[in-house]
Amino acid sequence: MSLNHSDLMFYCPVDDLPHPAASGVNDRTLDWASGQGIPTADRDAGRLRAMAPGLLAARIAPDARGPVLDAFADHHTWLFAFDDEYCDRADGSGITEWASFLARLHRVVETGESALLPGNPYGLALRDIACRLSTYTTPAQLAEWLEALRSYFAALVWERSRRRDDDRLQSLDDYLLLRLRNGAMHTSITLLDTVNGYVLPRELRETPGVRALVEMTALLVSVDNDILSHHKESTSGTREANLLDVLGRTGHTTPGEAVAQAVALRNEIMRQFVRVAERVRTPAAVPELYRFTTGLARWIRANLDFSLTTTRYTGPVTERAALSPHEVPPLSGQGPAPARSDVIGWWWRIPEPLPEPGSDGADTPVRKRRAGDRPPTAGRGGAPHHQRTGPPPPVLPGGITASRSSGLQQSTWRREHR
């Protein structure tokens, strides 16, 4: 595989912000997994321990603390173990049994009735996570997480049926549609406000700009994983859908060209993420919106940092990949054009300017601020701390915002010290 340095330059204008207690988070989640009996094979348990899954959760939420962070980390550890034991090794048969198992697994989490999957450690472990999360979420937040989990399982059924039929995803749009959901990203994104101690109002989460940012985050992380994990998957014989394979088949490219095109594709999506985020984070935006969009950006950077150092992904790409806070020039020549995609092209067609939340007179939780004001730190429920009565719940020690001096295009996302 012949690759130039520029072919492996990942555009990511987000600062690295490690968690000061990351090793403790990782130790606790590994102890939890061991106590739950996942993975079930000693060899897989050794691999899970070596990859240090808790470091990813700690990077995603570098200011989170306490039991809610542990529950968040355990959820990601569960996803890693479940993916390796149930998804990567599927032989493509038993689609009916697979769908039934996932339906029962979701019902165990939804109702707590473990008898639906008696003795299954993954069902019991996920039920444990759900019970702990319910302590920190509102009913709406928990329902949103359960719905994201249902969507993830539905995508896994489609993926298994594709394997059974030896369907190689004939188009890039087929791939994009599958990868928006089969990476379980939405199950994590729905918990970003919970783990950081605030509530993003549902009416803000459903605005076009925020919906687009959520989808971009989910796809960016999945695409980055495809690029960085391709060597592992190609040598282990997995039949997972991978962007490099799709580009190779649809564009008749060499492996090196497929990597270059994949990186160019993700860089274009990253550029659009920055553009939309800059439009969403207006002076009138509530602090919860600032924190949520920053959380999305942190997810993208955390995944890159984790993937480039974990034992889970090793190979020629991870050894040579680099991150750049500056825009990477688009790939010259032919390649995928995401803005023309029927699946994700709408990200480039969001009306501009975006309507201000609450501008139509609706009763929305928007507090107008003067341009240049810092977004106040908000507690659970969305109100600034100085408006709350009683002791506030643990929150970030400071707001996290983009640099307001030069805009997101020219600057990185960084903590705003007070």
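Note that Cβ sites are derived from N, Cα and C of the backbone, with glycine treated the same way.
The feature Mg(2+) 1 binding site is assigned by Swiss-Prot to ASP83, ASP88. Per Swiss-Prot, the feature Mg(2+) 2 binding site maps to ASP88. According to Swiss-Prot, the substrate binding site annotation covers ARG179, LYS232, ARG312, TYR313. Swiss-Prot lists ASN225, SER229, GLU233 with the feature Mg(2+) 3 binding site, giving similarity to another entry as the kind of evidence. Annotation source Swiss-Prot lists compositional bias 'Polar residues' at 402-412. Feature annotation from Swiss-Prot assigns region 'Disordered' to 354-418. Per Swiss-Prot, the feature motif 'DDXXXD motif' maps to 83-88. Here Swiss-Prot flags PHE80 as site 'Plays a critical role in the stabilization of intermediate cation', drawing on similarity to another entry. Per Swiss-Prot, the feature site 'Plays a critical role for substrate recognition' maps to ASP84, GLU159; the stated evidence is similarity to another entry. The site 'Plays a critical role for abstraction of the pyrophosphate group' annotation in Swiss-Prot covers GLY183.
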Among ARG179, ASN225, SER229, ARG312, TYR313, which are recorded as binding-site residues, the nearest neighbour of PHE80 (site 'Plays a critical role in the stabilization of intermediate cation') by Cα: ARG312
From ASP84, ASP88, SER229: recorded positions whose CA lies within 10 A of ARG179 (substrate binding site): none
Within 10 angstroms of ARG312 (substrate binding site), Cα basis - recorded positions out of ASP83, ASP88, GLU159, GLY183: none
Mean of the pLDDT scores, which run from 0 to 100, over the motif 'DDXXXD motif' (83-88): 89
Proximal residue to TYR313 (substrate binding site) among recorded positions ASP83, ASP84, SER229 (C-alpha distance): SER229
Cα separation, GLY183 (site 'Plays a critical role for abstraction of the pyrophosphate group') to ASN225 (Mg(2+) 3 binding site) (Å, whole number): 9
Of ASP83, ASP88, SER229, i.e. the binding-site residues, those within 10 Å of GLY183 (site 'Plays a critical role for abstraction of the pyrophosphate group') when Cα atoms are compared: ASP83
Same chain, 6+ residues apart, C-beta under 8 Å of the C-beta of ASP83 (Mg(2+) 1 binding site), given in sequence order: ALA184
Cα-Cα distance linking GLU159 (site 'Plays a critical role for substrate recognition') and SER229 (Mg(2+) 3 binding site), given in Å to the nearest integer: 18
Between ASP84 (site 'Plays a critical role for substrate recognition') and GLU159 (site 'Plays a critical role for substrate recognition'), the C-alpha gap once rounded to whole angstrom: 15
Residues in the motif 'DDXXXD motif' (83-88) grouped by DSSP into helix, strand and remaining coil: 5 helix, 0 strand, 1 coil
